[in-house]
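Asks: Structure in structure tokens, see below.
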Amino acid sequence: MLPSQALLPAVVFALAALQALASDTFMAAVYEHAVILPQPSEEPVPASDALALMNKNMDVLEGAIKEAAQQGAHIIVTPEDGIYGWQFRRESIYPYLEDIPDPVVNWIPCTDPSRFGPAPVQERLSCMARNNSIYVVANMGDKKPCDSSDPSCPGDGRYHYNTDVVFDTQGRLVARYHKYNLFRGETQFNYPKEPEAVTFETPFGKFGIFTCFDILFYEPAVVLVSKMQVDTVLFPTAWMNVLPFLTAIEFHSAWAMGMRVNLLSANTHSTSKAMTGSGLFTPEGPAAYHYDSATEEGHLLLAELSAHPRLSPTYPPATNWSLYATSIKKFPGENDTFSGAVRKDIFTFRELRHKDGNYTVCQGDLCCHLVYQMSNKRRDEVYVLGAFDGLHGSVIKYHWQICTLLKCPSTNLSTCGQPVETAQTKFEMFSLSGTFGTSYVFPEVLYSGVQLAPGEFEVLRDGRLKSKHGTSKPLITVTLFGRLYEKDQPHPLRISL
């Protein structure tokens, strides 16, 4: 029989678990971390130096985790690269890596740290979770030995993986995910041989996890939501601000609405790298988000989310994204178009020359239709309707179909598609739709000052993104991001085989 003092924590935990189980909601947290970076080095540093640097970052993360737990959070997500940064070559990152076992081993590093060899980072993360009774999600590096019997084994005899780990409230390792879609600069890491669809159950819903660039691809992102039916996606990221759209908060909020799932997005924070923008996003829109390009401060976000959004009475119905747009050929009227670049993607644009009107612009198989009315037509501000249907990306190319109502930086039409952060023009109404060849379309509206517009627009079941009332703030973009996964180029691992 357990002594009463030993029994009390078990009783408290059991009651907390039952309370979470009985609840339809949970408290979620993400922390945007200004990472303390190592000095750039061509050669590996001593393991002690690597651990000292990682402990500095984990000191900051531990403070955020404690604060989140004290405010009632059940789970906290920390960023990609949040423990050691990104300034590495393959050789120099090795001292920062640990051997991360498969969670089936049922391991609590906090109480058994040496079971799989030295694991000081996993031990400390595990203890953070255990000591604060909170699920902790972190990003770190995994190393796995290999030899000549494996034809794809790297020359140094080991695999390096960009890895997410999850520890439960007891400090148990419950999930490990190896990033499958590496960004072009991640030469220090290897691709896992197969894409991983990692899920785990909690008293407050079914969770899936992937990392940063993964969100743009069918595997693992769509697989987790559409096939594995997760309630919430955990998303450590290091996402750069790429205006006029695909900013972190804009696209990640759009993805959550388009996929009709919760997304817990924790970004790294670096003004020199233009990285910022974290949020707690839901099928109905952002519950909380943060965007800061001016300071070097970290930021903690918390919000109460639906544990099972598909069961919520406010869960958005399924949308036929091309139903309305394919029912009309084109809006009548002027048909003069011009080309403009959004980064390296060439859009077809039409200028909105009047205070109100109906416009159509087409590119490839995509036609975008817009009905709008401005509150006032300013001479010093130009807006365009744009369409893009094609491959985007340099090393890894993936297919987009995009319809956008977009503010230009100046009255010179050659600037349309360049970054814009501010505007003065408000709209009485807008309705944007497109002849999308995919059911995966992500809607979002961005206001002046890089602010989202929760509750101020709706998506109709026939595929129209429509304002509910007049815009409360000046408008930068109204965008429908469509992804044609079947037209993507093969994954680099498949090309090399």
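Residue numbering: from 1, along the chain as shown.
Glycine is treated like the rest: Cβ placed from N, Cα and C.
Curation does not apply to TrEMBL; its annotations are automatic.
So TrEMBL has the following annotated:
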- 1-22: signal peptide (SIGNAL)
- 31-307: domain 'CN hydrolase' (DOMAIN)
- Glu80: active site, proton acceptor (ACT_SITE)
- Lys179: active site, proton donor (ACT_SITE)
- Cys212: active site, nucleophile (ACT_SITE)
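Tell me about the surroundings of these features in the structure.
Replies: Model confidence over the domain 'CN hydrolase' (31-307) is summarised by a mean pLDDT of 97.
The Cβ of Glu80 (active site, proton acceptor) lies under 8 Å from the Cβ of Asn139, Asn162, Thr211, Cys212, Pro236, Thr237, Ala238, Thr268, each on the same chain and at least six residues away in sequence.
Cβ neighbour count for Lys179 (active site, proton donor): 27 (other Cβ atoms within 10 Å of its Cβ, all protein chains included).
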Asks: Among all the protein chains here, how many other CB atoms are within 10 A of the CB of Cys212 (active site, nucleophile)?
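Replies: A 10 Å sphere around the Cβ of Cys212 (active site, nucleophile) contains 26 other Cβ atoms.
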